[in-house]
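Listed features, source TrEMBL:
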- 89-270: domain 'Phosphatase 2A Regulatory Subunit A helical' (DOMAIN)
- 12-50: repeat 'HEAT' (REPEAT)
- 89-127: repeat 'HEAT' (REPEAT)
- 166-204: repeat 'HEAT' (REPEAT)
- 205-243: repeat 'HEAT' (REPEAT)
- 244-282: repeat 'HEAT' (REPEAT)
- 283-320: repeat 'HEAT' (REPEAT)
- 326-364: repeat 'HEAT' (REPEAT)
- 365-403: repeat 'HEAT' (REPEAT)
- 404-442: repeat 'HEAT' (REPEAT)
- 539-574: repeat 'HEAT' (REPEAT)
- 596-625: repeat 'HEAT' (REPEAT)
Amino acid sequence: MAGADGDDSLYPIAVLIDELRNEDVQLRLNSIKKLSTIALALGVERTRTELLPFLTDTIYDEDEVLLALAEQLGNFTMLVGGPDYVHCLLPPLESLATVEETVVRDKAVESLRKISQEHSPVDLEVHFEPLVKRLASGDWFTSRTSACGLFSVCYPRVSSTVKAEIRQHFRTLCSDDTPMVRRAAASKLGEFAKVLELDYVKSDIISLFTALASDEQDSVRLLAVEACVSIATLLPQEDLETLVMPTLRQAAEDKSWRVRYMVADKFSELQKAVGPEITKNDLVPAFQNLLKDCEAEVRAAAANKVKEFCENLPEDSREQIIMTHILPCVKELVSDTNQHVKSALASVIMGLSTILGKDNTVEHLLPLFLAQLKDECPEVRLNIISNLDCVNEVIGIRQLSQSLLPAIVELAEDAKWRVRLAIIEYMPLLAGQLGVEFFDEKLNTLCMAWLIDHVYAIREAATCNLMKLVEKFGAEWAQNTIVPKVLGMANDPNYLHRMTTLFCINVSHRASNPKAPHASLPAPALSEACGQDITTKQMLPVVLKMSNDQVANVRFNVAKSLQKIGPVLDSKYVVFAFRLGAIFHIYQTATAASEVKPVLEKLATDTDMDVKYFAQEAISVLSLA
């Protein structure tokens, strides 16, 4: 590389060296990202003999540069000459696997795992396995943590002697003095167990699992819980009670809430791994305790698993276990002091109705649903309303309307406007689940009443709600059910109600609550949702008539409405203007020319400045000047 100045073919590596030594981090980063291009230019031999040694010697850089390098080297196999030479990539990756920054080490380990599959069994023992040993015996904890992620990828393809050495190294790391190393070993315990022979799982892995699950650091113990799932799936049923369950019982009652949280979070997987008998005898009491845990995070994690846990119970005793052991705990959680717990429960509790059947749902679950429907937390109410279809399937629409609907109507008429607002925004979701006939019979009047609410935010949300209902039920439903009532408000003595008619016709809305269903999607104006025919024949005459309203706010909203519905009106003819060789297409409707234009021209001479402004803007936008 010393003769780079005299050889044009070495120019790419010279550029790389210059940029890698540049003070600008971004230039160094860009250079690393071009490594594959430079390697192609150099060829496989010079990449092995010059580029890789240079990279290995210069691994003292910013973390983002090292991260990019670790990622690039994982895809370098063909650039160094294929699988026969893949071991050449090990030195720089080994160095990267020992650096202080965790994300760089993790990426280096990921690349090492990737290229390990490209080593032949011989090369794996000659080159890769010694690297793993060096990392596992390193002075710094960083190299030892990296080694933990490499045992499982080389173990299946090496000789028995080397396998014994690997197992010994892993045992040593599981009892390392540094908690970070024990944590890394615990996180890979399940993965390593999967590649071991069953005898060694029983003799080696179980003792390591027990030791890690009793570690003084809770961050180690919680990772042992995760490994428990993998270990339990590997062992025969008769060994589970003696080898795994004592440790699992201990974890479920651990003094650290983080460990108990991990048990709750992995409960369904543990349940499937240990089988029905152990579930009945051991996991049901453990699950009850988790649902009653003193920490809200643990209760929330357990509540989230209620439906899945109940579904996976043995069929012959499922109902009895739920009614006797699980349901009493669920009833307590419905009135929990923590909203995250209640929300987690509300997201799954409706699913119990399909498991327990109609009679139990009506007697035991409906009162809980009602309580959650009235909960002060919007997330809880949304989760219940979102899953009403589960209950509908079990108990039928009639029972549903008699039990839950009165509670929804009560909330919709609540004295607090924020409560009314929350129900409005869930109404399209509810309507979709109940169907058009039921909606018209029970909820339509309520939706129309919101349009004349004394709070503006309610009227605005009600208009948005109508648009979404039209989208759901179609233009024909709107023409028969909604449009006559909306247009009827144009004659209301209260000018605010008259303006609501115009808002429905011309304003596209977003939900005022960003957490509401489909809140990110704007609802189209009624004129857009209903289409040309209804807009031209029914809405336009009402809007034109309102241009004579005595209130200026109504008049300028007429101008805005005409601007909005202009493009929706049906086109009658097209005017082509030829100018400077270009063709301008001016689409102008006959309706706009004959009916809209005179009204807008009249409004453009109005005494009120705002009316004038919006009328002139509409004339300009609709090209009616």
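Cβ atoms here come from the backbone N, Cα and C positions, even for glycine.
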Outside the repeat 'HEAT' (283-320), at least 6 residues beyond either end, the same-chain residues with a Cβ under 8 Å of its Cβ set are 248-249, 252-253, 257, 260-261, 263-265, 267-268, 270-272, 274, 276, 326, 329-330, 332-333, 336-338, 340-341, 343-345, 347-349, 351-352, 355-357, 360
Where else in the chain does the repeat 'HEAT' (244-282) make close Cβ contacts, counting only residues six or more beyond its ends and a cut-off under 8 Å? 206, 209-210, 213-214, 218-219, 221-226, 228-229, 231-233, 235, 237, 289-290, 293-295, 297-298, 301-302, 305, 308-309, 312-314, 317, 321
Positions whose Cβ lies under 8 angstroms from the repeat 'HEAT' (326-364), at least six residues beyond its ends: 284, 287-288, 291-292, 296-297, 299-301, 303-311, 318-319, 371-372, 375, 377, 379-381, 383-384, 387-388, 390-391, 393-395, 399, 403
Positions whose Cβ lies under 8 angstroms from the repeat 'HEAT' (166-204), at least six residues beyond its ends: 129, 132-133, 136-137, 141, 144-149, 151-152, 154-156, 158, 211-212, 215, 217, 219-220, 223-224, 226-231, 234-235, 239, 243
Tell me the residue counts in helix, strand and coil for the repeat 'HEAT' (283-320), as DSSP assigns them. 29 helix, 0 strand, 9 coil
